[in-house]
Amino acid sequence: MMYGHDNPTFIGDTIYTVPPGEYRQNITQFYPGKYQQTFPPAQPPTQLEANEGEKTADKKEKKPPKERDSWGKGIEFLLSCIAMSVGLGNIWRFPFIALENGGGAFVIPYIIVLVLIGKPIYFMEMVFGQFSSRGSVKVFDCVPAMRGVGVGQIVSVAIVATYYSSLMALTLSYFANSFRQILPWGSCKDEWNVTCIPSGYREDSNMTWTNSTKSSAELYFLKDVLRAKDSIDDGIGVPNWTLVTFLAISWGIVFLILIKGVRSSGKASYVLAIFPYFVLSILFVRAITLPGSMNGIRYFLTPQWDKILDPKVWYAAVTQVFFSLSVCFGNIIMYSSYNKFGHNVYRDSNIVTTIDTFTSLLAGCCIFGILGHLAHELNVDDISTVVKSGAGLAFISYPDAISKFKTFPQVFSVLFFMMLYLLGIGSNVAMVSSIMTIIRDRFKKVKNWHAALVISILGTILGSVYMTPGGQSVLKLVDYYGASFIAFVLAIAELYTFSYIYGVDRFCNDIQFMLNFRPNWYWRTCWRYITPGLMTVILVYTLLTLEPLKDGDRDYPQIAYVIGWCISALGLIQLPIFAIYAICKQKGNTLWDKIKGAFKPTSNWGPRDSALNAKYKEYIRTID
């Protein structure tokens, strides 16, 4: 691994770090012959000049130049990326998206999309962030007219962060209740007034099962935790203040992790990235030992070929890749911007995308094994009818399996919900870090803890909407219009910006300059043709066949659709606004000159270090 000062591609044999006070003596070695007569011989300073020099030196000591944060170690960057990408999107979102799209019929498009879209975008964003040391908005200095892409992505990230934290609050609620002597979702309650299967049921119990029954785990989630309504036609209701308390605690933990920015979050990544796999492995072993579990796993992995050609399945695969890997949200660009120049992001991007896919498949096998077991007990052949899909899947199927543990179910419950909580924290930390980076890059005097505190307070207030009886319906609406749809459109804009306006050839030259290798035909073909082409085709077909989002089997109220499209517009309108702003700011005699200037890199585009930036500009002039 070669960091910036070790990479021979852009350094050569010359040392570009000039010690203080030696600039006059050493500048000729950087540009021989060019500055030989620039500086007159140094004269001894007068007493007045000496005093002024001391005052100036004192001021500099009191106000040293502000350096951008950086990772303490390269491994902290890798683990933080794993903690960011491997999260609730793998454990919570992937299984229910697969359930809604035919199980195995979804897995094949998902893997294809990952190889042709997910991996290329992940590597591209890592390179742009590290190369420029800029956040997800300023990175568009490479094409100033497209800065609205970065702003729109931050809007989307902020929206996702509000409901992501609500899932963490639900997780914390289950974690707290896992310490009870009897797990509350393991048995039925009379007040539910529904035919109920106790999730803690043992095979030797004398009970008769019918298709009209529901598990106590599902009823506990819907009636005790969410106090859910059948629909939101009558409003969303009043927040559950117990859940709001858990929400505030969750945001408080995020605040503590980010109190010193990436320097503190990097240390937390050791726990956030590694511990969840230990627990998930234990739960997977338990799931596959349950009767009927293999039927569920076969349903998950067996393709339903009639659905493979359904564009909606491909659209779901693309949005899931975005959500799982966190591509096109600005998080990857933000994290890699804190790397040392020359860090091996090629290796790291391949590691993270591989681990993320493995985790999704492992979680899918685990949860579908549990669904297969439930179908076996209900004597139902169709796995998809066993339980409602949606955000509650991880809060129904997993607790149901845990309550069937014959020994120490509370221990496994505590471990599982601790794992789920850490996964959620890791992803939410990345989203909040993106927002903080934009704020601190724009307002230099704002400290890390100032930004983290304000975001945490606002997140608690906005997140309380999801703590209402109609909160899950609101979550589904916001996820569709504020995350999936915005991310999809902005991702295409980002790809066209990087691949066609900035250009794949120049991008590959940048990689050559930074990492000392040139991407092969696979990467170049994906960036130039396959990735933007597939994305465009899927988007066009999806828009042509667009249907109103449904809340279960019912339509949302018309006002909900209006709010949804307003949320989408809030992210997408940033594109024309910032394009017009960039054109107006450009210097030029004619409007056409201003437009052309807005689609060219700014004068300071390139590595953050001034010496490297000068060397890069010389490198670009040479290859042009």
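Cβ atoms here come from the backbone N, Cα and C positions, even for glycine.
In the disulfide annotation of TrEMBL, Cys188 is paired with Cys196 out of the candidates Cys142, Cys196. Annotation: stretch 355-375 has the most Cβ pairs under 8 Å to the transmembrane segment (271-293), among 104-124, 313-334, 355-375. Fewer than three CB pairs closer than 8 A are found between the transmembrane segment (313-334) and the transmembrane segment (451-468), and contact between the two stretches is not assigned (pairs 6 or more residues apart). Residues 161-163, 165-166, 169, 236-240, 243-244, 247-248, 251-252, 254-255, 258-259, 432, 435-436, 439-440, 474-475 of the same chain sit 6 or more residues outside the transmembrane segment (451-468) yet have a Cβ under 8 Å from a Cβ within it. Cα spacing between Cys196 (disulfide bond) and Ser324 (Na(+) binding site): 34 Å, rounded to the nearest whole number. Least packed by the Cβ count within 10 Å, out of the recorded positions Val86, Cys188, Cys196, Leu423, is Cys196.
Contact check: the transmembrane segment (154-176) against the transmembrane segment (559-584) gives at least three Cβ pairs closer than 8 Å, residues 6 or more apart, which meets the contact criterion. Neighbours of the Na(+) site: apart from Val86, Asn90, Ser324, Leu423, Ser427, residues of the same chain with C-beta atoms within 8 angstroms of the site's C-beta centroid are Met84, Ser85, Gly87, Leu88, Gly89, Ile91, Asp356, Thr359, Gly426.
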